[in-house]
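Per TrEMBL, domain 'Succinylglutamate desuccinylase/Aspartoacylase catalytic' is recorded for 54-250. Residues annotated as Zn(2+) binding site in TrEMBL: HIS63, GLU66, HIS160. The active site feature in TrEMBL is assigned to GLU224. Annotation source TrEMBL lists domain 'AstE/AspA barrel-sandwich hybrid' at 264-337.
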Amino acid sequence: MLQTLLQSKDFLSLTLANPETISESFSFELADHTDVHVWDTGVIVFEPKQAGNKDIVLSCAVHGNETAPIEICNQLIKELLEQSTKVKHRTLFLIGNPPAIHNGTRFVEENMNRLFSGNHSSGEGLVNQERVRAKKLEDYVDRFYTSVTGERHRIHYDLHTAIRASKHEKFAIYPFRHGKPHKAEQIMFLEACGVDTILFHHEPTTTFSYFSSNGYGADAFTVELGKVRPFGENDMTRFVATHTMLTRLITGADLELSEFDNDKVNLYQVCRVINKNHDDFAFNFANDVENFRSFPKGYVLATEGGEKVKIEHEEEAIVFPNANIPVGQRAVIMLLPVAEPVLE
Ligand SMILES: O=C(O)CCC(=O)N[C@@H](CCC(=O)O)C(=O)O
Ligand SMILES: [Zn+2]
């Protein structure tokens, strides 16, 4: 029954028709070359019978209103189901938060990207659907990565769009590596996707990409593909390079990557994360200020609890400023440019 819904090759429709879960998982074959498994709502695995060495996770809709990544993933899935493309590498697609997609909101009860690495079960435990789903997504990633043995190259691109416009339209967050080197090849793959700006995180986080990076040694990134827009308002021509490179990746085509070139990318190091500690936290700049705007030393960036939060370095750039969050959560990430990166 569920499988017949996939005859239209529209996995997003199947997912949105069953936002909480599906009655049972199911599997089928694409000709004689690929096994397909639907493990849950929004969870589909393509497994080539002659698989290459990569295990690739592509996730979207960890934030429900970030529609462009959902459209990109659904298109990639459709092309695979129609057999106009064929995976060479095992590939898991995850549509993170279907109820929030229905709602047209970032989340229903709690920001899912603050719940990974077990944070879903901290405090009051699995009390809402985002917590339950975050735990299930962790379990699916674990099952996907650990069900094959041997020398595997694990990859996870968690696709998002940002609330604000950005000086660098497409950028990626490289989760904290605990001293392991950052990889030039990954940066150049992202550059070929049109993602020309990388932020090196300086500490562990509760994001999905950090979960795969830290727990499974995956080359994992949070990838921001532009500004958030509702369905029907995305200019899909802006994602052609991303779609092309992800297709090449999963189908095992030549990636045709250039050598690392510092002039082609903008690299930033996270120097600190400013959390909201009081209800009256307020930024001292307009709502339409873009991500990556920099401010000079001494500038009063924000105020809260009668205190001023000032810029500490000669120049610091901002990303993801958001005062409309619960006390205790991240209000903004502060960045310093990296002139000479140390890469592997
Ligand atoms: O635009 C914003 O303010 C937020 C965009 C967003 O959802 N960003 C991710 C970044 C995750 C990471 O740091 O790897 C998030 O806040 O969850
Ligand atoms: Zn997001």
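Cβ from N, Cα, C; glycine included.
The structure, with features from TrEMBL marked on it.
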| residue | record | DSSP (3 states) |
| --- | --- | --- |
| HIS63 | Zn(2+) binding site | coil |
| HIS160 | Zn(2+) binding site | strand |
| GLU224 | active site | strand |
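Taken in sequence order, the recorded positions HIS63, GLU66, HIS160, GLU224 that lie near ligand 2, meaning a CB under 6 Å from one of its atoms, are HIS63, GLU66, HIS160. For GLU224 (active site), applying a Cβ distance below 8 Å and a minimum sequence separation of six or more within one chain yields HIS160, THR161, ALA162, SER166, LYS170, PHE171, ALA172, ILE173, VAL195. Surrounding the centroid of the Cβ atoms of HIS63, GLU66, HIS160, where the record places Zn(2+), the chain contributes additional residues within 8 Å, namely CYS60, ALA61, VAL62, GLY64, ASN65, PRO69, ARG106, LEU159, THR161, ALA162, VAL228. The number of other Cβ atoms within 10 Å of the Cβ belonging to GLU66 (Zn(2+) binding site), over all protein chains shown, comes to 26. Fewest other C-beta atoms within 10 angstroms, among the binding-site residues HIS63, HIS160, are seen around HIS63. For the domain 'AstE/AspA barrel-sandwich hybrid' (264-337), the DSSP-based tally of helix, strand and coil residues reads 1 helix, 38 strand, 35 coil. For the domain 'Succinylglutamate desuccinylase/Aspartoacylase catalytic' (54-250), the model gives a mean pLDDT of 98.
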